[in-house]
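Working notes, structure below.
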Amino acid sequence: MWRHTILSTRYLAGNATLCRQIATHSPKLGAESNRSKEKASENESFMANIFRGSLVSSQVFPYPDVLTAEQKELTNSLIDPFERFFSDVNDAARNDANAKIDDTTAKALWELGAFGIQVPADYGGLGLNNTQYGRLCAIVGVNDLGLGITIGAHQSIGFKGILLYGTPEQKEKYLPKVAAEQVYAAFALTEPSSGSDAGSIRCRAVKSADGKHFVLNGSKIWISNGGIAEIMTVFAQTEQVDPKTGEKKDKVTAFIVERSFGGVTNGPPEKKMGIKASNTAEVYFEDVKIPIENVLGKEGDGFKVAMNILNNGRFGMGATLSGTMKKCIEQATEHANNRVQFGQKLKNYGSIQEKLAQMNILQYATESMAFTISQNMDAGSKDYHLEAAISKIYASESAWYVCDEAIQILGGMGFMVDTGLERVLRDLRIFRIFEGTNDILRLFIALTGIQYAGSHLKELQRAFKNPSANLGLIFKEASRRAASTVGLGGTDLSGHVVSELLPYAKKTAHCIDLFGQSVEELLLRYNKNIVNEQILLTRLANAAIDIYAMVVTQSRSSRAVSLNLPTAQHELNMTKALTIQASDRVIKNLQAATSSHHRSLNEKISAIAKTTLENGGVTTTGILDQN
């Protein structure tokens, strides 16, 4: 059985474009991992390992707390000036109505240091780490998502590549400008023909005969800060020659492009549904001469650069939207505490109480995910990419739900512009689309995790070829499987949570074991064709997302109890409710992915979609049109 699975999983990296890109460019997990194959098992990602049915808990238990006392003091000192900026200077409604940030507001934001939060102090920035950045992002999320996009497009992705991949000379030249000299940055990846499929970009950069520069031609669409940025991280196809075979092949390369190079222009600001305060424009490149020293990273490594920039910044979305949800909940709570209907305040009605409780649960889990990830990153972890994708999906979908429910609680008042919630809802819609659509990220989670599980099975195959030298590995795996089969052993989280959460940790452990078993079953059933089973993969990803939500909230609420925080009981109650809900969903999703009954449902769904697509929409005849 193991051998059959191992042989089939080698096709995961080769038989579908999407899977190939995921496999090749997923840091630490893909076939082109920076680590050797022999060290692949050292991956510390909690989520990657549950795809193998293994528990590696160091990233989630105990709940991370990496900031020093000095760092916490610095962060706290920045909270008041950031909040005063939003209360005294910024006007989110005005920014939305004018579809731009006025010069006075932008200048104050620059003076605050908001555009160089993570730039080292030596280059003129605030020098904060990811967790400190996340705390300030939450303040932005409370107040103005449109303005937040301008900040995020600038530093979370705009010049992030220079921080991650820049040479000392590149950092010295550009970081002071983008941190304190009011020079905006942008991230230029998306093209008309390449949205989520970033590998299909058509922008092309041709190297000069003397090898001293590239000439860039092409265009990018929907670029945040595209109309105001003077420095851009741009991705283009370049011809690369294999040093061993001499074969020529196009590969994406990343470049630092200055508008001052000439040939860089942009279209008018796009008219958008939300985040109107941010500048979004098409950018054109015509014979742009880029010095060879402005290649970012290595030639041909542009796709990896782009994906790592996006992966590195995704946690910030969770932190930002946890703040947005907090504000929505505050508005809904204030209304429920004061509004009287049918002789009672809204707060006394069970349906309103349920809404508010669910909104709080989602906010708590979103925040718990974001700061688990940021603190692992600050502790030096490189294995956070699955968790970051999960956080982005969970945050964007939870925030939409919370804002929508806040509007529902406020009723007609929530629908009015003056309340501000309609603007927030419009702003929120984009978060499920950009920086990786949630649909694509679900496939990323499932396929990357499955590939990692397959690499473990391949390791077992090698062990069986020389059993006498690998008895420890073989017996360990055999014992684990035997215990799991008869309901003994398996995952045990009891040593990681407080006593009050033991029954809930047991539910979660059962879900983790069932998840690992389901992954292997699916690999056996579908072999290489699993890459084409997107409905199945989505259900697998949904189960993974719920497992992570259970684990991080159990860890965080256990910490609250250990520290005797005044919110400890409230945190426990939210964790318990979430675990009950999430564990039920995990079981249902895994059943949907593995059972023959649900395979039949998937087939019907595919048939309905095919008919709809072939006929251009709804194909049934209207009731009144039938003879």
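Cβ coordinates come from backbone N, Cα and C, glycine included.
Here TrEMBL flags 76-181 as domain 'Acyl-CoA dehydrogenase/oxidase N-terminal'. Residues in the domain 'Acyl-CoA dehydrogenase/oxidase N-terminal' (76-181) partition by DSSP class (helix H, G, I; strand E, B; coil) as 80 helix, 0 strand, 26 coil.
For the domain 'Acyl-CoA oxidase/dehydrogenase middle' (186-288), the model's average pLDDT works out to 94. The domain 'Acyl-CoA oxidase/dehydrogenase middle' annotation in TrEMBL covers 186-288.
In the domain 'Acyl-CoA dehydrogenase/oxidase C-terminal' (300-446), the DSSP tally of helix, strand and coil residues is 122 helix, 4 strand, 21 coil. According to TrEMBL, the domain 'Acyl-CoA dehydrogenase/oxidase C-terminal' annotation covers 300-446.
If you look up TrEMBL, you'll see 500-618 marked as domain 'ACAD9/ACADV-like C-terminal'.
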Using DSSP, how many residues of the domain 'Acyl-CoA oxidase/dehydrogenase middle' (186-288) fall into helix, strand and coil, respectively?
6 helix, 55 strand, 42 coil
Could you give me three numbers for the domain 'ACAD9/ACADV-like C-terminal' (500-618), the DSSP helix, strand and coil residue counts?
108 helix, 0 strand, 11 coil
